[in-house]
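These notes concern the structure reproduced below.
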Amino acid sequence: MAKVYNQEVYVQFLKQHGFVFQSSEIYNGLNNSWDFGPLGAVLKQQIKQALYNFFIKNKADVLLVETPIILSELVWKASGHLANFVDTLVDCKSCKYRFRVDQINAEIKAKKDWNSFKVNCPNCHNQNWSEVRDFNLLFQTEIGVVNNDKRLVFLRPETAQGSFINFKNILQAKKRNLPFAIAQFGKSFRNEITPGNFLFRTREFEQFEIEWFCKPDDANSLFEKQLIMVEQFLQTVLKINPELLKKHEYDQSELAHYAKKTTDFLFNFPHGLKELWGLANRGDFDLKQHQEFSKKSMSFFDSELNQHFLPFIIEPAVGIERLFYALIVSSYRREIINEEEREVLSLPFDLCPEQIIVLPLVNKLKKEAFSVFETLAKTRWRVCFETTGSIGKRYRKADAIGIKYAVTFDFESLEDNAVTIRDRDTLVQQRIAIKELPQWFMKNGQ
(Lines of atoms letter the chains of each structure in order from A and count residues from 1; the text may use other names and numbers.)
(Lines give C-alpha, C1' and ligand atoms only; values in the text may rest on other atoms or scores of the structure.)
Protein backbone atom coordinates (compact mmCIF):
# COMPACT_ATOMS: atom_id res chain seq x y z
CA MET A 1 0.00 0.00 0.00
CA ALA A 2 1.26 3.48 -0.86
CA LYS A 3 2.71 5.36 2.10
CA VAL A 4 0.85 8.51 3.20
CA TYR A 5 2.63 10.66 5.77
CA ASN A 6 0.99 13.00 8.25
CA GLN A 7 0.05 16.46 7.05
CA GLU A 8 2.88 18.27 8.82
CA VAL A 9 5.46 16.30 6.81
CA TYR A 10 4.08 17.75 3.56
CA VAL A 11 3.66 21.27 4.99
CA GLN A 12 7.28 21.40 6.15
CA PHE A 13 8.65 19.72 3.02
CA LEU A 14 6.85 22.13 0.68
CA LYS A 15 7.94 25.15 2.71
CA GLN A 16 11.58 24.05 2.95
CA HIS A 17 11.91 23.59 -0.80
CA GLY A 18 10.00 26.65 -1.98
CA PHE A 19 6.72 25.12 -3.09
CA VAL A 20 4.20 26.54 -0.60
CA PHE A 21 4.46 29.13 2.20
CA GLN A 22 2.04 30.31 4.87
CA SER A 23 0.47 33.52 3.56
CA SER A 24 1.25 36.73 5.50
CA GLU A 25 3.73 34.69 7.55
CA ILE A 26 5.74 37.72 8.74
CA TYR A 27 2.49 38.98 10.33
CA ASN A 28 1.87 35.63 12.08
CA GLY A 29 0.03 34.25 9.06
CA LEU A 30 -3.51 34.37 7.74
CA ASN A 31 -5.47 31.32 8.78
CA ASN A 32 -5.49 28.67 6.05
CA SER A 33 -4.17 30.93 3.33
CA TRP A 34 -1.17 29.81 1.31
CA ASP A 35 1.32 31.36 -1.11
CA PHE A 36 2.84 29.32 -3.92
CA GLY A 37 6.60 29.80 -4.06
CA PRO A 38 8.98 29.55 -7.04
CA LEU A 39 8.62 25.79 -7.48
CA GLY A 40 4.98 25.58 -6.40
CA ALA A 41 3.84 28.29 -8.81
CA VAL A 42 5.48 26.50 -11.74
CA LEU A 43 4.09 23.10 -10.71
CA LYS A 44 0.61 24.57 -10.39
CA GLN A 45 0.95 26.12 -13.84
CA GLN A 46 2.08 22.79 -15.30
CA ILE A 47 -0.96 21.05 -13.79
CA LYS A 48 -3.22 23.63 -15.44
CA GLN A 49 -1.38 23.22 -18.73
CA ALA A 50 -1.81 19.45 -18.50
CA LEU A 51 -5.54 19.91 -17.92
CA TYR A 52 -5.75 22.23 -20.91
CA ASN A 53 -3.80 19.85 -23.16
CA PHE A 54 -5.87 16.81 -22.18
CA PHE A 55 -9.39 18.23 -22.01
CA ILE A 56 -9.40 21.30 -24.29
CA LYS A 57 -6.53 21.59 -26.79
CA ASN A 58 -7.50 20.58 -30.34
CA LYS A 59 -10.96 19.50 -29.18
CA ALA A 60 -13.48 20.98 -31.62
CA ASP A 61 -16.34 20.50 -29.17
CA VAL A 62 -14.69 22.08 -26.09
CA LEU A 63 -14.50 25.87 -25.84
CA LEU A 64 -12.50 27.86 -23.28
CA VAL A 65 -13.95 30.99 -21.65
CA GLU A 66 -13.02 33.38 -18.86
CA THR A 67 -15.67 35.17 -16.80
CA PRO A 68 -15.49 37.62 -13.86
CA ILE A 69 -15.10 36.78 -10.20
CA ILE A 70 -17.75 39.36 -9.27
CA LEU A 71 -21.23 38.59 -10.57
CA SER A 72 -24.69 40.09 -10.12
CA GLU A 73 -26.75 39.11 -7.09
CA LEU A 74 -29.42 37.86 -9.51
CA VAL A 75 -27.08 35.16 -10.81
CA TRP A 76 -26.86 33.65 -7.34
CA LYS A 77 -30.58 33.97 -6.72
CA ALA A 78 -31.24 32.07 -9.92
CA SER A 79 -28.60 29.42 -9.24
CA GLY A 80 -29.98 28.71 -5.78
CA HIS A 81 -26.79 29.68 -3.98
CA LEU A 82 -28.41 32.44 -1.93
CA ALA A 83 -30.97 29.99 -0.57
CA ASN A 84 -29.10 26.70 -0.56
CA PHE A 85 -25.36 27.34 -0.36
CA VAL A 86 -25.23 27.00 3.41
CA ASP A 87 -23.57 25.00 6.14
CA THR A 88 -25.38 24.22 9.37
CA LEU A 89 -23.20 25.29 12.28
CA VAL A 90 -23.18 25.22 16.07
CA ASP A 91 -20.93 26.80 18.71
CA CYS A 92 -19.63 25.20 21.88
CA LYS A 93 -20.28 27.73 24.66
CA SER A 94 -17.63 26.16 26.87
CA CYS A 95 -14.56 26.26 24.62
CA LYS A 96 -15.84 28.75 21.98
CA TYR A 97 -15.06 26.39 19.08
CA ARG A 98 -17.35 26.44 16.06
CA PHE A 99 -18.30 23.31 14.15
CA ARG A 100 -20.26 22.21 11.14
CA VAL A 101 -22.99 19.99 12.50
CA ASP A 102 -22.23 17.19 10.04
CA GLN A 103 -18.61 17.15 11.24
CA ILE A 104 -19.78 16.31 14.75
CA ASN A 105 -22.17 13.60 13.61
CA ALA A 106 -22.54 12.61 9.95
CA GLU A 107 -26.09 11.39 10.60
CA ILE A 108 -27.27 14.92 11.34
CA LYS A 109 -28.48 16.33 8.02
CA ALA A 110 -30.47 19.40 9.11
CA LYS A 111 -31.17 21.73 12.03
CA LYS A 112 -34.30 19.82 12.99
CA ASP A 113 -32.23 16.69 13.62
CA TRP A 114 -29.89 18.28 16.17
CA ASN A 115 -32.05 17.78 19.25
CA SER A 116 -32.39 14.07 18.51
CA PHE A 117 -28.70 13.56 19.28
CA LYS A 118 -26.78 13.96 22.52
CA VAL A 119 -23.25 14.77 21.39
CA ASN A 120 -20.12 15.91 23.17
CA CYS A 121 -17.91 18.70 21.89
CA PRO A 122 -14.97 17.11 20.00
CA ASN A 123 -12.66 19.70 21.58
CA CYS A 124 -13.66 19.95 25.27
CA HIS A 125 -16.15 17.05 25.53
CA ASN A 126 -18.90 19.16 27.12
CA GLN A 127 -22.52 19.36 25.97
CA ASN A 128 -22.98 23.12 26.15
CA TRP A 129 -24.18 24.08 22.69
CA SER A 130 -25.57 27.24 21.13
CA GLU A 131 -28.64 27.24 18.92
CA VAL A 132 -28.06 25.57 15.57
CA ARG A 133 -28.17 27.96 12.60
CA ASP A 134 -27.50 28.08 8.87
CA PHE A 135 -24.53 30.04 7.55
CA ASN A 136 -24.31 31.16 3.91
CA LEU A 137 -20.89 30.53 2.38
CA LEU A 138 -20.98 33.35 -0.18
CA PHE A 139 -18.61 36.30 0.19
CA GLN A 140 -20.56 39.49 -0.41
CA THR A 141 -19.40 43.00 -1.18
CA GLU A 142 -20.69 46.18 -2.85
CA ILE A 143 -19.91 48.00 -6.06
CA GLY A 144 -20.43 51.73 -6.55
CA VAL A 145 -18.97 54.74 -4.75
CA VAL A 146 -22.10 56.69 -3.80
CA ASN A 147 -24.31 55.27 -1.04
CA ASN A 148 -27.55 55.39 -3.00
CA ASP A 149 -25.81 53.90 -6.05
CA LYS A 150 -24.22 50.90 -4.31
CA ARG A 151 -25.22 47.42 -5.41
CA LEU A 152 -24.84 44.14 -3.57
CA VAL A 153 -22.66 41.63 -5.42
CA PHE A 154 -20.98 38.35 -4.56
CA LEU A 155 -17.63 36.71 -5.19
CA ARG A 156 -18.33 33.55 -7.12
CA PRO A 157 -18.19 30.24 -5.23
CA GLU A 158 -17.77 28.38 -8.54
CA THR A 159 -16.87 29.23 -12.13
CA ALA A 160 -19.81 27.26 -13.55
CA GLN A 161 -22.44 29.99 -13.41
CA GLY A 162 -20.33 32.28 -15.60
CA SER A 163 -20.35 29.54 -18.22
CA PHE A 164 -24.11 28.92 -17.92
CA ILE A 165 -25.12 32.55 -18.36
CA ASN A 166 -23.00 32.72 -21.52
CA PHE A 167 -24.52 29.58 -23.03
CA LYS A 168 -26.57 31.42 -25.68
CA ASN A 169 -23.77 33.89 -26.50
CA ILE A 170 -21.37 31.04 -27.19
CA LEU A 171 -23.98 29.03 -29.07
CA GLN A 172 -24.65 31.98 -31.39
CA ALA A 173 -20.98 32.87 -31.83
CA LYS A 174 -19.60 29.36 -32.43
CA LYS A 175 -22.65 27.56 -33.96
CA ARG A 176 -22.08 24.29 -32.12
CA ASN A 177 -24.31 21.23 -32.11
CA LEU A 178 -24.86 19.11 -29.03
CA PRO A 179 -22.92 17.82 -27.27
CA PHE A 180 -20.39 20.60 -26.75
CA ALA A 181 -18.62 21.95 -23.68
CA ILE A 182 -17.65 25.25 -22.10
CA ALA A 183 -14.49 25.00 -19.98
CA GLN A 184 -13.12 27.52 -17.54
CA PHE A 185 -10.20 28.00 -15.16
CA GLY A 186 -10.58 30.59 -12.43
CA LYS A 187 -10.52 31.70 -8.82
CA SER A 188 -13.50 31.00 -6.58
CA PHE A 189 -14.28 31.96 -3.00
CA ARG A 190 -16.18 30.25 -0.19
CA ASN A 191 -16.47 31.63 3.33
CA GLU A 192 -15.86 28.23 4.88
CA ILE A 193 -16.78 27.81 8.54
CA THR A 194 -13.95 25.38 9.17
CA PRO A 195 -11.25 25.71 6.51
CA GLY A 196 -8.26 23.52 7.10
CA ASN A 197 -6.26 20.45 6.23
CA PHE A 198 -3.64 22.50 4.42
CA LEU A 199 -4.47 23.00 0.71
CA PHE A 200 -7.54 20.77 0.83
CA ARG A 201 -10.05 23.39 1.96
CA THR A 202 -9.32 27.11 1.67
CA ARG A 203 -11.48 30.20 1.34
CA GLU A 204 -9.79 31.23 -1.91
CA PHE A 205 -8.99 28.56 -4.47
CA GLU A 206 -8.72 27.90 -8.20
CA GLN A 207 -11.06 25.65 -10.13
CA PHE A 208 -11.20 23.87 -13.44
CA GLU A 209 -14.78 23.14 -14.49
CA ILE A 210 -16.17 21.79 -17.75
CA GLU A 211 -19.87 22.15 -18.56
CA TRP A 212 -21.01 19.63 -21.17
CA PHE A 213 -24.36 20.51 -22.81
CA CYS A 214 -26.16 17.51 -24.26
CA LYS A 215 -29.52 16.04 -25.20
CA PRO A 216 -31.30 14.63 -22.12
CA ASP A 217 -31.25 11.12 -23.60
CA ASP A 218 -27.47 11.33 -24.04
CA ALA A 219 -26.70 12.47 -20.48
CA ASN A 220 -26.01 9.05 -18.99
CA SER A 221 -23.62 7.92 -21.72
CA LEU A 222 -21.80 11.28 -21.66
CA PHE A 223 -21.52 11.02 -17.87
CA GLU A 224 -19.82 7.63 -18.17
CA LYS A 225 -17.51 8.90 -20.90
CA GLN A 226 -16.37 11.83 -18.74
CA LEU A 227 -15.84 9.49 -15.81
CA ILE A 228 -13.41 7.51 -17.94
CA MET A 229 -11.67 10.69 -19.14
CA VAL A 230 -11.11 11.95 -15.59
CA GLU A 231 -9.74 8.58 -14.48
CA GLN A 232 -7.40 8.46 -17.49
CA PHE A 233 -6.08 11.93 -16.70
CA LEU A 234 -5.43 11.10 -13.06
CA GLN A 235 -3.64 7.85 -13.81
CA THR A 236 -1.88 8.45 -17.14
CA VAL A 237 -1.06 12.18 -17.04
CA LEU A 238 -0.64 12.94 -13.33
CA LYS A 239 0.28 9.30 -12.68
CA ILE A 240 -1.56 9.33 -9.35
CA ASN A 241 -1.08 6.05 -7.50
CA PRO A 242 -4.32 4.09 -8.11
CA GLU A 243 -4.06 2.65 -4.58
CA LEU A 244 -4.87 6.15 -3.29
CA LEU A 245 -7.98 6.62 -5.46
CA LYS A 246 -11.55 5.43 -5.00
CA LYS A 247 -14.82 6.19 -6.82
CA HIS A 248 -17.91 7.02 -4.79
CA GLU A 249 -21.44 7.43 -6.17
CA TYR A 250 -23.75 9.45 -3.94
CA ASP A 251 -27.20 8.37 -2.83
CA GLN A 252 -30.14 10.51 -3.91
CA SER A 253 -30.46 11.85 -0.35
CA GLU A 254 -26.86 13.15 -0.47
CA LEU A 255 -27.11 15.08 -3.75
CA ALA A 256 -26.78 18.84 -4.08
CA HIS A 257 -29.92 20.81 -4.90
CA TYR A 258 -29.05 20.94 -8.62
CA ALA A 259 -27.85 17.36 -9.16
CA LYS A 260 -29.50 14.26 -10.60
CA LYS A 261 -26.38 12.14 -10.13
CA THR A 262 -22.91 12.67 -8.67
CA THR A 263 -19.81 10.51 -8.60
CA ASP A 264 -16.61 11.64 -6.90
CA PHE A 265 -13.07 10.48 -7.23
CA LEU A 266 -11.87 10.27 -3.64
CA PHE A 267 -8.20 10.49 -2.70
CA ASN A 268 -6.46 9.25 0.42
CA PHE A 269 -5.25 12.59 1.79
CA PRO A 270 -3.40 12.65 5.15
CA HIS A 271 -6.72 13.48 6.86
CA GLY A 272 -8.59 10.64 5.18
CA LEU A 273 -10.39 9.59 2.01
CA LYS A 274 -11.89 12.83 0.68
CA GLU A 275 -13.23 14.34 -2.54
CA LEU A 276 -10.65 15.14 -5.19
CA TRP A 277 -12.70 15.49 -8.40
CA GLY A 278 -16.46 15.57 -8.75
CA LEU A 279 -18.63 14.63 -11.72
CA ALA A 280 -22.27 15.72 -11.67
CA ASN A 281 -25.31 15.35 -13.89
CA ARG A 282 -26.92 18.74 -13.26
CA GLY A 283 -29.89 18.01 -15.51
CA ASP A 284 -31.51 21.15 -16.93
CA PHE A 285 -31.65 22.85 -13.51
CA ASP A 286 -29.20 25.67 -14.24
CA LEU A 287 -30.50 26.69 -17.66
CA LYS A 288 -34.09 26.46 -16.44
CA GLN A 289 -33.33 28.70 -13.45
CA HIS A 290 -31.50 31.32 -15.53
CA GLN A 291 -34.26 31.26 -18.13
CA GLU A 292 -36.88 31.87 -15.44
CA PHE A 293 -35.01 34.66 -13.64
CA SER A 294 -33.64 36.45 -16.72
CA LYS A 295 -36.77 36.01 -18.87
CA LYS A 296 -34.39 35.10 -21.72
CA SER A 297 -34.67 31.82 -23.61
CA MET A 298 -31.89 29.34 -22.83
CA SER A 299 -33.25 26.62 -25.10
CA PHE A 300 -31.44 24.81 -27.89
CA PHE A 301 -33.12 24.24 -31.26
CA ASP A 302 -32.54 20.77 -32.69
CA SER A 303 -33.07 20.99 -36.46
CA GLU A 304 -33.30 17.21 -36.84
CA LEU A 305 -36.03 16.91 -34.23
CA ASN A 306 -37.48 20.31 -35.17
CA GLN A 307 -37.94 21.27 -31.52
CA HIS A 308 -36.58 23.47 -28.76
CA PHE A 309 -35.47 22.02 -25.42
CA LEU A 310 -33.20 22.79 -22.48
CA PRO A 311 -29.99 20.74 -22.66
CA PHE A 312 -28.81 18.66 -19.72
CA ILE A 313 -25.42 19.50 -18.24
CA ILE A 314 -22.66 17.06 -17.29
CA GLU A 315 -19.98 18.72 -15.15
CA PRO A 316 -16.50 17.48 -14.22
CA ALA A 317 -15.16 19.91 -11.58
CA VAL A 318 -11.86 19.95 -9.70
CA GLY A 319 -9.87 22.30 -7.49
CA ILE A 320 -6.35 22.97 -8.73
CA GLU A 321 -4.95 23.14 -5.19
CA ARG A 322 -6.45 19.75 -4.36
CA LEU A 323 -4.88 18.26 -7.49
CA PHE A 324 -1.58 19.85 -6.47
CA TYR A 325 -1.82 18.38 -2.96
CA ALA A 326 -2.84 14.94 -4.22
CA LEU A 327 0.04 14.94 -6.71
CA ILE A 328 2.51 15.75 -3.93
CA VAL A 329 1.12 13.04 -1.63
CA SER A 330 1.20 10.48 -4.44
CA SER A 331 4.72 11.42 -5.60
CA TYR A 332 6.58 12.00 -2.32
CA ARG A 333 8.49 9.26 -0.54
CA ARG A 334 11.37 8.71 1.84
CA GLU A 335 13.75 5.82 1.34
CA ILE A 336 17.11 4.53 2.56
CA ILE A 337 19.90 4.31 -0.04
CA ASN A 338 23.35 3.16 1.13
CA GLU A 339 22.32 3.71 4.75
CA GLU A 340 21.29 7.31 4.03
CA GLU A 341 17.74 8.64 3.84
CA ARG A 342 16.72 10.53 0.76
CA GLU A 343 13.50 12.37 -0.08
CA VAL A 344 12.14 11.83 -3.57
CA LEU A 345 9.38 13.64 -5.42
CA SER A 346 8.65 11.32 -8.35
CA LEU A 347 6.71 13.78 -10.49
CA PRO A 348 5.96 12.97 -14.14
CA PHE A 349 8.66 14.50 -16.32
CA ASP A 350 6.28 16.92 -18.07
CA LEU A 351 5.11 18.34 -14.72
CA CYS A 352 8.47 18.78 -12.98
CA PRO A 353 8.97 22.49 -12.14
CA GLU A 354 12.63 21.93 -13.03
CA GLN A 355 13.15 18.95 -15.33
CA ILE A 356 16.92 18.88 -15.80
CA ILE A 357 19.74 20.14 -13.60
CA VAL A 358 23.29 20.70 -14.83
CA LEU A 359 25.99 20.17 -12.20
CA PRO A 360 29.74 20.77 -12.40
CA LEU A 361 31.49 18.08 -10.34
CA VAL A 362 33.59 20.81 -8.71
CA ASN A 363 33.67 24.59 -9.03
CA LYS A 364 36.76 24.44 -11.26
CA LEU A 365 34.48 23.05 -13.97
CA LYS A 366 31.78 25.69 -13.54
CA LYS A 367 32.49 27.53 -16.80
CA GLU A 368 32.43 24.40 -18.98
CA ALA A 369 29.34 23.03 -17.22
CA PHE A 370 27.53 26.33 -17.67
CA SER A 371 28.10 26.05 -21.41
CA VAL A 372 26.17 22.74 -21.31
CA PHE A 373 23.42 24.48 -19.34
CA GLU A 374 23.19 27.24 -21.96
CA THR A 375 22.82 24.65 -24.72
CA LEU A 376 19.98 22.86 -22.94
CA ALA A 377 18.35 26.14 -21.90
CA LYS A 378 17.65 26.85 -25.58
CA THR A 379 15.47 23.74 -25.79
CA ARG A 380 11.87 23.34 -24.62
CA TRP A 381 12.80 21.83 -21.25
CA ARG A 382 12.99 23.60 -17.90
CA VAL A 383 16.67 23.52 -16.98
CA CYS A 384 18.55 24.80 -13.91
CA PHE A 385 22.17 25.07 -12.79
CA GLU A 386 23.62 24.50 -9.31
CA THR A 387 27.13 24.75 -7.85
CA THR A 388 26.58 24.97 -4.09
CA GLY A 389 27.46 21.95 -1.95
CA SER A 390 29.01 18.57 -2.64
CA ILE A 391 27.80 16.60 -5.65
CA GLY A 392 26.05 14.14 -3.33
CA LYS A 393 24.12 16.89 -1.55
CA ARG A 394 23.15 18.44 -4.87
CA TYR A 395 21.84 15.07 -6.07
CA ARG A 396 19.78 14.71 -2.89
CA LYS A 397 18.30 18.19 -3.22
CA ALA A 398 17.46 17.58 -6.88
CA ASP A 399 15.70 14.33 -5.96
CA ALA A 400 13.67 16.10 -3.28
CA ILE A 401 12.33 18.83 -5.55
CA GLY A 402 11.47 16.40 -8.32
CA ILE A 403 14.17 17.05 -10.92
CA LYS A 404 14.09 14.01 -13.16
CA TYR A 405 17.60 14.13 -14.66
CA ALA A 406 20.92 15.38 -13.30
CA VAL A 407 23.62 16.11 -15.88
CA THR A 408 27.11 16.07 -14.33
CA PHE A 409 30.14 17.63 -16.01
CA ASP A 410 33.31 16.03 -14.60
CA PHE A 411 37.02 15.97 -15.42
CA GLU A 412 36.52 13.21 -18.00
CA SER A 413 34.14 15.55 -19.82
CA LEU A 414 37.12 17.73 -20.72
CA GLU A 415 38.58 14.77 -22.59
CA ASP A 416 35.59 12.91 -24.08
CA ASN A 417 33.07 15.77 -24.49
CA ALA A 418 30.48 13.65 -22.68
CA VAL A 419 28.52 14.00 -19.44
CA THR A 420 26.90 11.63 -16.96
CA ILE A 421 23.10 11.59 -16.80
CA ARG A 422 21.58 10.33 -13.54
CA ASP A 423 17.93 9.25 -13.31
CA ARG A 424 16.05 10.46 -10.20
CA ASP A 425 13.97 7.32 -9.73
CA THR A 426 16.24 4.45 -10.79
CA LEU A 427 19.57 6.13 -9.88
CA VAL A 428 20.96 4.62 -13.10
CA GLN A 429 23.80 6.66 -14.61
CA GLN A 430 24.90 6.67 -18.23
CA ARG A 431 27.44 8.52 -20.30
CA ILE A 432 26.12 10.65 -23.18
CA ALA A 433 27.97 12.87 -25.65
CA ILE A 434 27.23 16.55 -25.04
CA LYS A 435 26.25 17.11 -28.66
CA GLU A 436 23.68 14.30 -28.38
CA LEU A 437 21.95 15.65 -25.24
CA PRO A 438 18.99 17.37 -26.98
CA GLN A 439 18.20 14.22 -28.97
CA TRP A 440 18.61 12.02 -25.88
CA PHE A 441 16.13 14.07 -23.84
CA MET A 442 13.74 14.20 -26.76
CA LYS A 443 13.74 10.40 -26.78
CA ASN A 444 13.92 9.69 -23.04
CA GLY A 445 12.14 12.65 -21.45
CA GLN A 446 9.22 10.92 -19.79
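Heads up, the Cβ atoms here are built off N, Cα and C, so glycines get one too.
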Identity of the substrate-site residue among Glu158, Glu368, Glu374, Glu386 (reference: Arg100, Phe205, Glu206, Gln207, Phe208, Glu209, Glu315, Pro316, Ala317, Val318, Gly319, source: Swiss-Prot): Glu158
Pairwise Cα distance for Phe205 (substrate binding site)/Arg190 (ATP binding site) [Å, integer]: 9
For Glu209 (substrate binding site): intrachain residues, at least 6 apart, with Cβ closer than 8 Å: Glu158, Thr159, Ala160, Ser163, Ala183, Gln184, Glu315, Pro316, Ala317, Val318
Site extent for substrate, whole Å (max Cα pair distance, Arg100, Glu158, Phe205, Glu206, Gln207, Phe208, Glu209, Glu315, Pro316, Ala317, Val318, Gly319): 27
